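Here's what TrEMBL has on this protein:
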type    : residues                                                               : note
BINDING : A:ALA74, A:GLY75, A:ALA76, A:GLY77, A:THR78, A:GLY79, A:LYS80, A:THR81 : ATP binding site
DOMAIN  : A:53-378                                                               : domain 'UvrD-like helicase ATP-binding'
DOMAIN  : A:379-653                                                              : domain 'UvrD-like helicase C-terminal'
REGION  : A:1-32                                                                 : region 'Disordered'
REGION  : A:291-325                                                              : region 'Disordered'
Amino acid sequence: MSGYDDIPFFDDDDPALRKPPAPNHKTGSPAEGGIAARAMAARDQHRVPDYLSGLNPEQREAVETLDGPVLVLAGAGTGKTRVLTTRIAHILATGRAFPSQILAVTFTNKAAREMKERIGLLVGGAVEGMPWLGTFHSIGVKLLRRHAELAGLRSDFTILDTDDVVRLIKQIIQAEGLDDKRWPAKQFAGMIDGWKNKGLDPAQIPEGDARAFANGKGRELYTAYQNRLKTLNACDFGDLLLHPIRILRSHPDILREYHQKFRYILVDEYQDTNTAQYMWLRLLAQRSPSSRAGTADGEQVSGSWPGDVSPASAQAGAGRRDAAVSASQKPQINICCVGDDDQSIYGWRGAEVDNILRFEKDFPGAKVIKLERNYRSTAHILGAAGHLIAHNEDRLGKTLFTDRHDPEDGKVIVHAAWDSEEEARAIGEAIESLQRPDRDGKRHNLNDMAILVRASFQMREFEDRFVTLGLNYRVIGGPRFYERLEIRDAMAYFRLVCQPADDLAFERIVNTPKRGLGDTTIRNLHDYARARDIPMLAAAGDIIETDELKPKARKALFDVVADFKRWSALLENTPHTELAEKILDESGYTAMWQNDKSAEAPGRLDNLKELIRSMEQFESLRGFLEHVSLVMDAEQNEDLDAVSIMTLHSAKGLEFETVFLPGWEEGLFPHQRALDEGGRSGLEEERRLAYVGITRAKRNCHIWFVSNRRIHGLWQSTIPSRFLDELPEAHVEVAETEQSYGGYGGRGGYGQSRFDKQEPFQNAYSTPGWRRAQANKTDATRDNWGNRSGHAIERIGYGESGPRARTIEGELVAKSTTTEPSRFSVGDRVFHLKFGNGNISAIEGNKLTIDFDRAGQKRVLDGFVQPV
DNA sequence: CAGATTGCCCTTTTT
DNA sequence: GGGCAATCTG
């Protein structure tokens with residue numbers, strides 16, 4: 001907890017900042033050949049550290065344009081991180097600012113860590129860290145801890161994770177007397193998150209949103225939630241941004257302090273910022289001369305929020321006051337945002353691509369620098385990706401290029417498979433053969449290969465396959481360490497010791513391990529606490545003095561209260577790892593797992609040990625708790641040579657020699673839901689995802705699609721993704737048929753005519769599946785893309801489960817689909833694309849149970865069989 | 001209170 | 001179909 005106050009604030013009189021301005025190395029040197037020029041060059045050579053020498057002209061411009069707002073549009077593989085870190089190094093090396101005067105924000109801890117490391121390398125470790133380099137959230141916490149009381153919190157507030165939030169909301173919904181089945185807490189948590197992403201207080205949410213939940217009680221519930229957080233002395237992730245925004249808006253003096261402090265602001269992945277983050281940045285970047293001079297005017301300018309979203313007004317104000325302020329104090333918004341609009345793939349969690357598209361308007365006079373020289377991929381890969389992304393309308397427009405033109409480089413290869421099983425098998429074989437040493441004895445490391453999927457359910461098939469092949473793989477982005485049950489339990493103990501008001505932690509562990517404190521006791525206690533408006537642990541302390549509880553429960557609760565009293569007393573003067581172990585032992589938590597004879601118990605004990613071990617590097621229990629709530633990634637075993645399997649989303653920022661992109665089928669990729677809910681912009685985001693996927697590849701990129709995929713347990717026939725048609729012929733080739741097509745149709749030839757004229761995949765489509773898809777194009781029930789399978793997904797999801805229908809229309813749809821007489825009857829003989837011929841043995845709505853001659857009994861949708 | 005059963009969801013994920 | 005969580009039942 002300590003450490004926040006000892007960061008000094010430097011003012012403009014800092015001697016270090018009065019050094020002569022650094023030479024300005026603009027692109028292009030002074031008149032070539034002249035003596036002066038050569039002398040300058042020599043001097044520069046002498047003065048300019050190595051770190052600038054390896055940069056290309058655009059990168060160098062991005063590094064050296066230190067004054068005024070800068071937007072660096074950095075395409076995939078163009079050296080974005082390098083620019084960012086070199087820019088910081090440059091600021092430091094030229095003495096323009098101290099490390100503590102640079103605010104550098106990233107989205108992930110990983111990115112922040114990487115940046116710190118690389119700056120350390122550049123500056124030679126001379127820099128004592130950068131206190132204000134971190135994620136939006138970690139910097140938010142830092143600000144909030146300093147000024148917590150202004151947000152109605154104590155500085156030791158707890159940060160709740162999503163799970164806690166959902167449990168809390170559930171309690172609130174129940175407390176309001178609402179049915180928590182009809183109004184799921186999880187859904188409401190999502191809504192709150194959405195509002196917070198937009199920077200909205202309960203009072204500011206749109207009326208429609210407020211009505212949409214719990215019979216119009218949305219706003220009340222949101223308010224109740226915020227109040228509850230306050231009494232719990234807790235924050236959710238959104239608050240880590242919103243509280244600081246509120247504080248900075250309503251306390252101009254504090255805002256001024258930060259304006260004076262932060263000379264340079266750098267933002268990574270700007271395309272991923274949401275509205276709240278944008279507001280936060282704008283507040284901090286909005287330096288007005290008066291705020292530096294400390295006049296009352298400054299309060300006016302910075303206090304004019306929220307109406308003042310447009311920086312134009314700040315600029316106008318700046319201009320007006322310029323005369324009154326000495327020239328050396330000319331205001332400067334030294335903000336540098338780095339991002340790539342083509343890689344904006346987080347719209348669904350509140351990111352506003354518009355922030356980056358609007359940058360020049362937001363920051364008049366901004367310098368926009370495009371980095372388009374790619375150092376990662378082959379010309380074919382860039383060509384394919386570039387042609388694909390050009391189909392998007394909402395973009396600033398960049399075209400990546402490379403100097404690398406090796407005739408050996410292969411094109412992007414499109415493969416077809418019969419079903420997902422074959423897809424996994426074929427990719428497995430491809431990986432094995434790549435891994436085998438070639439004639440020269442060289443082999444392709446598994447670490448250099450990745451399978452990037454759209455949705456995580458696709459991973460399973462690959463895992464299964466690789467297990468049978470004995471091929472090493474690692475899944476990136478699975479459940480995390482901190483999310484495990486035992487870790488969360490242990491953390492709840494620690495939290496409660498540090499923060500006795502943490503009712504969520506209390507409720508989690510009062511009866512874990514079992515202490516005979518069942519539902520009745522807890523409810524009792526809960527009501528008691530609520531009635532007196534005190535924390536549950538305190539209530540427990542009180543209630544054991546009364547005779548409200550049965551003796552057995554009373555005794556158990558007495559022990560719990562005594563335990564926590566004892567542990568809390570040890571908090572200040574016991575080494576925290578020791579205390580943590582003590583807590584787990586004395587509470588009986590360790591014993592609980594030792595006595596558990598289930599298969600996973602030993603693993604859980606290991607995890608607990610690991611938890612204690614990872615605590616060692618922290619100063620205190622509190623420090624550790626904060627780390628876990630914000631920095632939640634578990635490290636992977638880097639030593640193992642293994643193929644990576646991950647989603648396209650988690651692949652952003654990574655690169656691999658060889659990339660496999662399976663599942664390019666309509667409905668899956670682009671995902672049907674993105675299409676349904678996001679319309680054109682949803683489609684564009686999917687396309688950017690495809691772009692991200694392709695540009696991960698350095699040398700080889702293999703795209704796959706299948707004709708049949710099992711979705712929600714039902715086999716569905718699928719058609720190739722439209723994105724395949726958007727790839728340029730010049731950079732893509734279609735793989736020769738490697739497989740026989742499951743005994744059906746025989747040829748399955750995806751020949752060279754793939755990109756001929758209007759009808760791509762012509763040969764492939766001479767199958768019944770294709771013919772049916774064609775027929776569906778005239779079907780009134782098809783979706784916009786003639787995608788019957790997508791339509792079917794929707795029916796399974798909503799139509800059939802009548803009770804889930806929430807709207808009148810929904811109910812009508814549900815009724816009409818379930819009561820509609822099937823066009824089949826029991827006993828009919830039908831043909832199915834994958835399973836062949838069979839007889840219908842049962843019909844439920846549009847789901848048929850069919851006894852297939854060869855494949856046995858299966859349940860399939862009626863859309864996928866034809867009468868024979 | 002534990003084991004059995006039913007119900008529900010099923011895109012992407014950070015902090 | 002399958003995984004998980006809430007709910008039921010002995």
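Cβ from N, Cα, C; glycine included.
In this view, the densest Cβ surroundings among the binding-site residues A:THR78, A:THR81 belong to A:THR78, judged by other Cβ atoms lying within 10 Å. The ATP site, placed at the center of the C-beta atoms of A:ALA74, A:GLY75, A:ALA76, A:GLY77, A:THR78, A:GLY79, A:LYS80, A:THR81, has further neighbours from the same chain whose C-beta lies within 8 angstroms: A:VAL83, A:ASP340, A:LEU371, A:ASN374, A:TYR375, A:ARG376. Over the domain 'UvrD-like helicase ATP-binding' (A:53-378) the predicted model carries a mean pLDDT of 83. Scoring each of the binding-site residues (A:GLY75, A:GLY77, A:GLY79) by how many neighbouring Cβ atoms lie within 10 Å, the top position goes to A:GLY75. Counting only same-chain residues at least 6 apart in sequence, those with a Cβ under 8 Å from the Cβ of A:ALA76 (ATP binding site) are A:ASP340, A:ASP342, A:GLN343, A:ASN374, A:ARG376, A:SER377, A:ALA385, A:LEU400, A:TYR691, A:VAL692, A:THR695, A:ARG696. The sparsest Cβ neighbourhood within 10 Å, among the listed binding-site residues (A:ALA74, A:LYS80), is found at A:LYS80.
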